[in-house]
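Student: Here it is, the structure in full.
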């Protein structure tokens, strides 16, 4: 396990400026991308930087470093583990976690199923990244098993969302065309599947709240009732490994201090703005990644909260 104390964050049960960090913002939940929604997004940015929420992750070996560094850059705390017993302990020290399906090992299917059940039984909020959903029977069998203990938020590309809906039998005729960890499907083609998936997650959630974040050239975020398009970002994100994986980890940090829809919107928006700033000053993928982490760290709250959001 990556001990968060080495990053300057002593592990204690996180305090929050709200009595219940999951009872997101007592103000209006007007779906329009106006003042109330933007205020919740801004508060999620500020609360994460203030509270430094721990978001433990079971993530893939290829991208683990970027996931942890991105969580730290937005103000959160990182702890990486592949052992269900350790993650069970991490639950008592945190308000949200993250599971990534990349780089499966022989023991991974059983471990992931055990962790998901622990999270579900504890009504613990968590983010799932179903990396390469639809490819290989081991991966598909593992994902099918999670239907009974589903996450609070799914963060995926369009092909993965379509494949997960198919694996969970949420809608007739929904199929994607995955290509490894990349997407062969347009984000808009997954809008219907994302809505179905978000509604399913909401029905399974103790408080009836859930969200799906679909990453692409134009991002899409939905809670099953309201769906938003988020323009912007940088094509350089496709030239580094772990952009999507780290987005899931950052989303978990925001989920620790806000509701699922706000968390998904906030994570997607800060990634778009930070990647644009990094692209403007980078000289290639290496300097882009460093500049991107710096931008996550330094970007001001208003720049995130005022980002383009379209209700569709």
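Note: Cβ is positioned from N, Cα and C throughout, glycine not excepted.
The following feature annotations were taken from TrEMBL:
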type     : residues : note
REGION   : 1-36     : region 'Disordered'
COMPBIAS : 7-16     : compositional bias 'Basic residues'
BINDING  : 80, 242  : substrate binding site
BINDING  : 155, 215 : ATP binding site
Student: Reported as an integer number of Å, what is the Cα distance between residue 155 (ATP binding site) and residue 242 (substrate binding site)?
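Tutor: So the Cα of residue 242 (substrate binding site) lies 13 Å away from that of residue 155 (ATP binding site).
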Student: When DSSP is mapped onto helix/strand/coil, what comes out for residue 155 (ATP binding site)?
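Tutor: Note: residue 155 (ATP binding site) is in a strand by DSSP.
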Student: Would you please pick out, from the binding-site residues 215, 242, the one with the fewest other Cβ atoms within 10 Å of its Cβ?
Tutor: 242
Student: For residue 242 (substrate binding site), which of the three DSSP-derived states applies: helix, strand, or coil?
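Tutor: Note: residue 242 (substrate binding site) is coil by DSSP, not helix or strand.
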Student: Including all protein chains displayed, how many Cβ atoms other than that of residue 80 (substrate binding site) lie within 10 Å of its Cβ?
Tutor: 23
Student: About how far apart, in whole Å, are the alpha carbons (Cα) of residue 242 (substrate binding site) and residue 215 (ATP binding site)?
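Tutor: About 13 Å separates the two Cα atoms.
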Student: What's the CA to CA span in angstrom from residue 80 (substrate binding site) over to residue 215 (ATP binding site)?
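Tutor: So the Cα of residue 215 (ATP binding site) lies 23 Å away from that of residue 80 (substrate binding site).
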Student: Taking the Cβ of residue 155 (ATP binding site) as centre, how many other Cβ atoms lie within 10 Å?
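Tutor: So the number of other Cβ atoms within 10 Å of residue 155 (ATP binding site) is 31.
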